[in-house]
Every structure is written in C-alpha cells, then in structure tokens.
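Below is one structure, written out as structure tokens; comments come after it.
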Amino acid sequence: MPATTGSRTRPAGPPGLRNLTHHTLFWPVVALVALLVANTIFSPDFLSVSILDGHLFGAPIDILRNSAPLLLVSLGMTLVIATRGIDLSVGAVVAIAGALSLSFIATAPDPGSVSTVIIAIAIALGLCLVLGIWNGFLVSVVGIQPIIATLILMTAGRGVAMLITEGQITTVTSAPFKTLGAGFWLGLPAAALIAYGVYLIVALITRRSALGMLVEAVGINPSASRLAGVRARTIVWTVFALSGLFSGLAGLILASNVMAADANNAGLFIELDAILAVVIGGTSLQGGKFSLSGTLVGVLIITTLTLTVTIVGISPLVTPLFKALVVIAVTLLQSPRVRDKLAARARQRAARPEEVAA
Amino acid sequence: MATTTPQHTVEGSGPGAPRPGGSGPARIARRLRIDRRYLPVVGTFVVLALILAIGGVRYDNFLSVGVLANLFINNSFLIVLAVGMTFVILTGGIDLSVGAVLALSAVSAAYLIDAGVPVAVVLPAVVLIGSIIGLLIGLMVHVFEVQPFIATLAGMFFARGLCFVIAPESIPITDETFVAIAGWDTWIAGQWRMTTSVIVALVVIGIAFYLLHFTQFGRTVYAIGGSEQSARLMGLPVARTKVLVYVISGTCAGLGGLLFAMYSRSGYSLTGVAMELDAIAAVVIGGTLLTGGTGFVLGSVLGVLVLGLIQTIITYEGTLSSWWTKIFIGVLLLVFVVLQRVLSLRKT
C-alpha cells in the first residue's frame with residue numbers, strides 16, 4: 001500500500017506521510033500511543049506480559065479484558081449510529097441482562113451446574129434481543145426519533161432491572177458463570193476472546209459483503225436507499241436488535257466479573273462511553289459512514305485511560321475529567337474548521353518549494 | 001410545519017365557523033378553538049388533571065393545597081433545569097450537561113461557603129460557573145461544529161470530574177445566612193407555602209416566557225428550530241442565538257445547583273446523576289418536539305409537575321417500590337411520543 005502510493009509522486013512533500021496524517025484514524029491512534037508511552041514512562045514494565053499458571057498476565061492483557069464489555073456495546077452502537085440513529089438504552093439493557101441471568105441462577109436448584117448457566121445466558125440474551133427489537137420497532141415502524149425511542153427504554157429499563165432483582169443486590173456463586181468474565185481460555189481472558197470474536201465476525205460480515213455499504217446507504221438517505229431497493233426498514237430494525245443483543249452479552253460479562261446484579265450501577269454511563277468511543281473512532285453522528293477499526297481504537301483509548309488513572313494513583317472518580325479532555329481534543333481536531341485551517345497551512349507549505357523550483 | 005401553522009392560527013382565531021370533518025383530538029380542538037400548536041400542552045394538562053383525579057379518588061388528603069405546594073417545593077430545581085433545557089431543545093439541540101453542572105454548582109457553593117467566602121459573593125459566583133460552562137459548550141457547538149450531543153457530553157464529563165476534584169465527600173452547609181435564605185418561606189392565603197426556591201423558579205419561568213414569546217431572541221430560537229438554514233438566510237443572528245441558548249441552559253443549571261444546595265443544605269459530587277434525563281423527559285412530556293421549533297416553556301413546567309405527581313402518588317401508594325417511578329415515566333414518555341407522532345402524521 002505505501003509502495004503504490006509512493007510511486008504516484010506529486011510535486012510536493014512525501015505523499016505517504018501526508019496520507020498518513022490525513023487518515024481519519026491518525027489522531028486517535030496518536031492519542032492511544034501517547035497514553036501507552038506515558039504509562040511506560042510512569043511504570044517501565046507496563047507493556048510487559050508474563051505467564052502465570054499458564055495464563056497471560058500484565059497490563060496489556062488487562063486492557064484487553066476490561067475493554068470487552070465496552071467493545072461489544074460500541075460495536076452495536078457503531079452500526080446504529082451508521083444508520084443515523086443512536087441507542088441510549090444500552091446501559092439499561094446491560095443492567096437487565098445482569099439482573100435476569102443472576103436472579104435466574106440464584107433461584108435455580110443447582111447454581112453451579114453448566115446447564116443452569118446456559119439456560120440463564122439464553123434467557124438473558126433472548127430478552128435483550130427482544131428489547132433491541134422493541135427499540136427497532138419504535139424507530140423503523142412507528143417512526144420515532146432514535147434518541148427519544150431509546151430514551152424510553154433507558155428510563156424504564158433500570159426500573160425493570162430493579163423489578164427483576166426486587167431492589168436487592170443479588171450475589172451468587174456459580175463457577176461456570178464466573179468463567180465468562182474472569183476465566184481464561186487458551187491463556188487469554190474468556191471475556192476478551194468473546195468480545196473480539198464477535199467484533200471480527202461483525203467486521204467480516206459488514207466489510208466482506210454488501211451489508212456494510214447498505215447500512216451506510218440507509219444512514220446517508222433512508223428514503224433514497226429505499227427507492228433504490230434497499231430494505232431500509234429491515235436494516236434499521238436489525239441494527240437496533242443487534243445493539244440490544246450485544247449489550248446483553250456485555251451485561252453478562254460485567255455481571256460475571258462481579259458476580260452481583262446491581263440494577264442501579266451495572267453499566268451506568270456505558271452508553272456515553274460507547275458513543276464516545278464511536279465518535280473518537282471517526283464515525284460521524286450524522287450517520288452514513290462507519291469505521292469499526294476506529295471504534296476499536298476508541299474503545300482501547302477509553303479503557304487505557306481508565307486503567308492509567310488507576311495506575312497513576314488518581315482517584316478513579318476524577319476519570320470523567322480526563323475523558324472530557326480527550327473528547328474535546330479529538331473532536332476539535334476532527335472538526336471541519338480546524339481541519340480546514342490545518343489543510344490550508346499544509347497547502348501553503350507545499351506551495352512554497354514549487355515556486356522555488358519554477 | 002412552518003407553512004401550515006400560520007394557516008391554522010388564522011383558522012382558529014378567525015370568525016368563520018369551525019370546519020366539519022377532521023378526526024379525534026384535532027376535531028375537538030377545532031370545536032374548542034384551540035390552536036393546533038397547543039394540542040400537546042393541552043394533552044399534558046389533561047394527563048396532569050387525570051393523575052390529580054386518580055390521586056384524589058384513591059387517597060384522602062391528596063387533593064390538598066399542601067400537596068400541590070410541596071410539588072413545587074420539591075421540584076423547583078428540576079423546573080429551572082427543564083426551562084433551560086427547553087431553550088436548547090427548541091433550537092434542535094440537546095444539553096446532557098445540566099445534571100453534572102447542577103452538581104458542580106452545588107458542590108462549589110458548599111465548598112466556597114465552607115472556606116469562609118461571604119454568601120453574597122458565592123450566590124452569583126456559582127450561577128456564573130454554570131454560565132461559563134454553557135458558554136464553552138455553545139462555542140464548541142457553534143464555532144467548531146461539534147454535535148450538541150457530543151459537546152454537552154464532554155461538558156457533562158468535565159463538570160462531573162471537576163466536582164470530584166473540588167470535593168470527593170459531601171460538604172454540609174451550616175452558614176447562618178445561607179440557611180436563613182434557604183429556610184425562608186411565606187404563606188400565600190394562609191395555605192400555600194412558598195419557599196425561596198419556589199419564588200426563584202417562578203421568576204425563572206416568567207423570564208423565560210417573556211424571552212421566548214415577546215423578544216426577537218425568542219422568535220429567533222423558534223426560527224432556528226424550524227430550519228436553521230432558513231433562519232440564516234433571513235438574516236437572523238443564528239450564531240449568537242445558538243451560543244446563547246447553551247449559556248441560558250448552563251445558567252439555569254447553575255441556578256438549579258444553588259436551589260439544590262438550598263434544598264439539601266449540602267453539596268455532594270454525586271447529586272443530579274441522570275437528572276438531565278428527567279429534565280429532557282419533562283420537556284418531551286410537556287409537548288416540545290426534540291426536532292426543535294415547537295414547544296412551550298409552560299409545557300415543560302407542566303411536564304415537571306407530571307413527573308413530580310407520579311412520584312407523589314407512588315409515595316402515597318406505599319406498597320409500590322420506588323423503581324415503579326422509572327417504569328411509569330418510561331410508559332408516559334412512550335404514550336406522549338407516540339401521540340405526538342400520530343398528530344404530526346395527521347398533519348401531513
């Protein structure tokens with residue numbers, strides 16, 4: 001790729017480098033690398049990974065594991081945002097998934113058996129899929145704006161989760177369920193394997209088939225794409241359903257991490273983190289284009305930032321402040337006005353050697 | 001939208017006989033000569049009356065002046081937030097930062113008073129904090145063309161983080177002057193109890209009503225919500241107005257924080273979590289469209305009262321747990337949004 005672009009020489013500047021800095025992911029990746037470098041300076045063995053009891057350990061592995069729930073939620077969010085929608089209800093769905101699965105396991109005769117856990121997971125994921133379908137129904141069939149349609153579930157959803165747990169924080173002990181969030185498969189955290197596996201599948205399906213393009217078409221102009229033969233309604237409905245399903249999976253991982261269903265705090269603000277990750281990754285809230293790799297970078301930035309704050313020893317309560325600074329920096333750098341200014345300056349610099357040559 | 005409303009205004013106020021035909025609420029409205037624009041607000045009012053009636057039938061002492069007066073006292077800060085939010089939503093934006101700004105203002109008030117700063121300085125200062133954050137958000141939205149959702153999200157994170165930097169723990173307010181202001185009340189007609197915060201809330205409603213309906217600024221707000229591009233082509237000061245609505249919302253949030261500090265006599269970093277959702281819900285239930293351009297401040301006030309009444313009913317019921325509040329609010333939101341959708345479909 002760099003070789004081919006390099007051969008198409010233009011009069012000014014190294015084009016390979018310019019393409020790199022103009023890439024939408026350039027600034028987000030710079031932010032991520034800067035975070036990692038800062039961490040390594042602060043604690044030199046930050047990037048080292050060791051093997052303990054046959055499992056991989058270390059900060060990078062922690063980042064992978066901690067990012068799993070957010071990655072799942074952001075994945076659904078990216079697709080929803082690409083169709084010009086937004087899903088505010090993901091946090092409530094996360095809470096419902098955790099509440100339902102843990103309440104089921106707690107009341108089951110044998111909480112430790114694999115079959116109980118599988119049924120619990122199936123029930124929780126089934127309900128979350130239904131909730132996603134409900135959102136999709138409101139948006140695509142009734143025609144309510146996505147932000148309002150999902151606000152309804154966002155408000156009511158936590159109430160439903162409280163209803164399921166009857167206001168208690170249900171704690172259970174179930175070894176098979178615990179594997180989901182805290183276990184290891186093939187030396188890697190199970191949660192990370194699940195999340196990144198789902199991510200790869202979605203990336204393959206959307207980018208290796210026309211589906212991704214159809215999603216973007218709906219986001220650019222729903223009625224035009226419908227007239228062009230794209231089933232806009234079905235696509236919008238599907239992305240909301242998927243967002244519900246993925247949030248449910250994230251909720252299961254989070255619940256299994258703490259093995260306690262806290263209807264009030266499970267997945268609190270995860271919708272904001274997810275939207276943030278998507279926007280940092282360069283997907284516009286106006287819809288019409290999406291970048292799954294951008295979302296991945298966004299998720300890693302947010303997870304690394306949270307971990308950094310903890311490692312440096314600042315109270316985790318202050319984390320929102322750093323998030324705000326990252327959002328402001330990245331969104332300002334991506335804003336059209338700043339981009340135009342930067343581009344104008346680059347053009348000036350590029351124009352000068354040409355004059356000298358002539 | 002912008003083209004159909006004037007016709008209806010003429011129709012509603014003209015001397016001609018009401019036209020036959022039409023269906024459902026629209027027909028009733030025409031018979032009662034209610035402008036179509038007021039339909040959602042009338043709907044909110046009907047719901048409010050309905051809840052009052054249900055409460056009155058089910059419980060003794062429910063339909064008393066005291067309950068209504070307490071409704072205003074307990075929700076004064078939310079009224080102020082919802083009024084500010086109405087301005088932003090009318091322009092087609094959204095402000096997610098108000099809950100966090102409210103907390104920041106309350107925490108700063110408690111912190112400054114605790115540090116010995118005179119109350120006369122603290123009161124305007126903490127309101128100003130809200131204005132400044134609103135201004136920064138407005139500039140981000142307008143100058144750098146960041147979407148309102150993201151800009152106010154950043155504002156929310158910023159304010160919430162700052163709260164914890166200032167004071168991780170709850171600070172009680174014991175200053176005599178402040179407590180005296182917070183505890184002051186008067187009885188209207190010997191029955192209706194009004195506290196300082198209720199009077200502040202009423203003044204805010206009055207100012208907002210005047211601004212929106214009797215000034216050029218207010219008309220520009222509606223124009224931007226109808227169509228920003230048309231407003232710009234008409235030569236209206238779009239840039240200034242768009243920044244100003246966020247300043248207003250931020251100021252209201254700062255004031256709301258002050259009222260909350262008076263209400264709770266303390267400043268705590270975790271107050272007002274998800275309060276922006278209550279404010280948005282109140283505005284939507286009050287009949288303001290989130291696409292902008294349609295809605296009224298008084299509708300938002302009615303929306304807050306509806307939310308407050310639901311809470312009151314659940315307290316009266318006793319057996320119902322607090323989480324039913326959230327579920328009821330969600331159901332009510334759904335009903336209102338679907339009704340609005342049906343109404344707007346009829347129109348086209």
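Placed from the backbone N, Cα and C atoms, the Cβ positions cover glycine too.
Copied from TrEMBL, the annotated features are:
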TRANSMEM  A:25-43  transmembrane segment
TRANSMEM  A:63-81  transmembrane segment
TRANSMEM  A:88-108  transmembrane segment
TRANSMEM  A:114-134  transmembrane segment
TRANSMEM  A:146-164  transmembrane segment
TRANSMEM  A:184-205  transmembrane segment
TRANSMEM  A:235-260  transmembrane segment
TRANSMEM  A:266-285  transmembrane segment
TRANSMEM  A:292-314  transmembrane segment
CB contact flag for the transmembrane segment (A:114-134) and the transmembrane segment (A:266-285), at least three pairs under 8 A: no
Long-range environment of the transmembrane segment (A:235-260) - Cβ separation under 8 angstroms, sequence gap at least 6: 68-70, 72-73, 75-77, 79-80, 82-83, 85, 87, 89-90, 93-99, 101-102, 121, 124-125, 127-137, 139-141, 169-174, 177-182, 191, 194-195, 198, 214-215, 218, 222, 266-267, 270
Surrounding residues of the transmembrane segment (A:184-205) on its own chain - C-beta under 8 Å, 6+ positions past either end: 51, 54-56, 61, 64-65, 67-69, 71-72, 75, 79, 211-212, 246, 249-250, 253, 256-257, 292-293, 296
Outside the transmembrane segment (A:63-81), six or more residues from its ends: residues with CB under 8 Å to it: 87, 90, 94, 132, 146, 188-189, 191-192, 194-196, 198-199, 202, 206, 215, 239-240, 242-247, 249-251, 253-254, 267, 270-271, 273-275, 277-278, 281, 283-285, 287, 290-292, 295-296, 298-300, 302-304, 306-307
Remote residues contacting the transmembrane segment (A:266-285) - C-beta distance under 8 A, at least 6 residues beyond either end: 24-25, 28, 31, 69-70, 73-74, 77-78, 81-82, 86-95, 98-99, 154, 161, 247, 250-251, 254-255, 291, 293-299, 301-302, 323, 326-327, 330-331, 334
